[in-house]
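These come from TrEMBL:
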type: BINDING; residues: SER16, GLU33, ALA34; note: FAD binding site
Amino acid sequence: MAVIRSKIGIIGGGISGIAAAKQLAKYEPIVFEATNCIGGVWQHCSYRSTKLQTPRCDYEFSDFPWAQRDNTSFPTYQEILDYLDSYAQHFDVLKFVKFNSKVVEIKFVGDREMNYFGAYGSLLTGNPVWEVAVRTNQSETLQWYAFEFLVMCTGKYGDIPNIPNFPQKKGPEVFKGQVLHTLDYSKLDQEASTRLVKGKKVAVVGYKKSAIDLAVECAEANQGPDGQPCTMVVRTLHWTVPHYSIWGLPFYLFYSTRSSQFLHERPNQGLLRSMLCHMLSPMRRAASKSIESYLEWKLPLEKYGLKPEHPFEEDYASCQMAILPENFFSEADKGKILFKRTSKWWFWEGGVEFDDNTKLEADVVILATGFNGKKKLKAILPDPFRSLVEFPSGMIPLYRGTIHPLIPNMAFVGYLESVSNLHSAEIRCIWLSRLVDDLFKLPSVEKMLEQITQEMEIMKRTTRFYKRNCISTFSINHSDEICKEMGWQFWRKTNWLAEAFSPYNSHDYADAK
């Protein structure tokens, strides 16, 4: 087959891929989606109880508000999929999407010296830089495409489960019950998922949002005298929040306003501000302690041994704060959810064994152990770029959360986290579209690497969970820097009071001003 040429290719049809397609629509990009629908993790990694962890108004595109944006309830995964589909239909984005088209290989065909040193030039030069092999509908035949610019939107979650390593003869193969990952569980319909856990001794490994939601579904399926409890195997504790109110104050006042983020480190802050930030560190600790004391008062953390030893701020700074389902602890009080703290565990034929020499009998073990997004990237990137995906720190080095300085004519969207990943993806896609339009230029590779290193060092100083590439404690500053490069006004509110004490969201960036 002849190679099909186009200016821009986008890999992935989730939130980031659709946002990128909309912003780059003038170039008629080709979007490759491996499945038969858009939605990414919301489509393929959600349970029946999965909900957004923020109100609607904090998870919307700047030019496409929710129909009921003032509804304070958290939308279900199906509502989010409906919203994304409405967005794609409204802006006629679906015409760019090739469904059931899996990218299996990428080749670099550009100049091997391009964009490695000095200043970047125009990204669209008329010459192909990347060739992409695509398998459609599981066909044996590959279709090759050639692009001047490629946008990677495969995401950090989904597709490739993160499976723990086990000692020899202590892995899933010795267990006589059933082992599956949350990725497998999410593919089950309601009847099948209920049948899997009802009346069974279930162990859920993990204590993040997916594990918590799964434990509640398991408990709900095991009501009544014949129901079996679900045991959560917890290695690392994290702070959980019942709602967005702390001692009667809205949560955003603690971390999501300019005034609250002023207390935290940010890149390029200079000596004077660094000194001021150090002087204000007691106020940062006080804010974290205030939230911790509220959660200890509100939730039975001590009772169940679920109080983390690290400060709340470290979970917020690593985008790991989880909102609890309303009935989580009520199910624990009924004995339907149990907890087992451990540092190491492995399988035995009847269930799970721990490093304190205790054993847990189980019929089903579900691994809520996350995903390996970097492995997914490395599987399709060619050498030598595959080795550049992560620094020794474990983080993906991306300028403005989008451009890898050493990988030419390629962007990555959806790999940087914040309080609202949709907003993070959209504003970076807006920035990317203007970059492709040649409305501004990238700095030199050296300056981009310097900026990336500063951000990584801040993350490492703020939280022990820094490898997640989260900017939640300096997200407004990050958006400010993006606005400056685009020539936009970066103070987006109507008055100084709102600027200081109101939270920022996508709606503030609706107008290019």
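Glycine is no exception: its Cβ is also placed from the backbone N, Cα and C atoms.
Residues SER16, GLU33, ALA34 make up the record's FAD site, and a Cβ search at 8 Å around their centroid adds ILE11, GLY12, GLY13, GLY14, GLY17, VAL31, PHE32, THR35, ILE38, GLY40, CYS153, THR154, GLY155 from the same chain. A 10 Å cutoff on Cβ-Cβ distances gives GLU33 (FAD binding site) a total of 26 other Cβ atoms nearby, all chains included. Using a 10 Å radius centred on the Cβ of SER16 (FAD binding site) and all shown protein chains, the other Cβ atoms total 27. Of all Cβ atoms in the protein chains displayed, 20 besides its own lie within 10 Å of the Cβ of ALA34 (FAD binding site).
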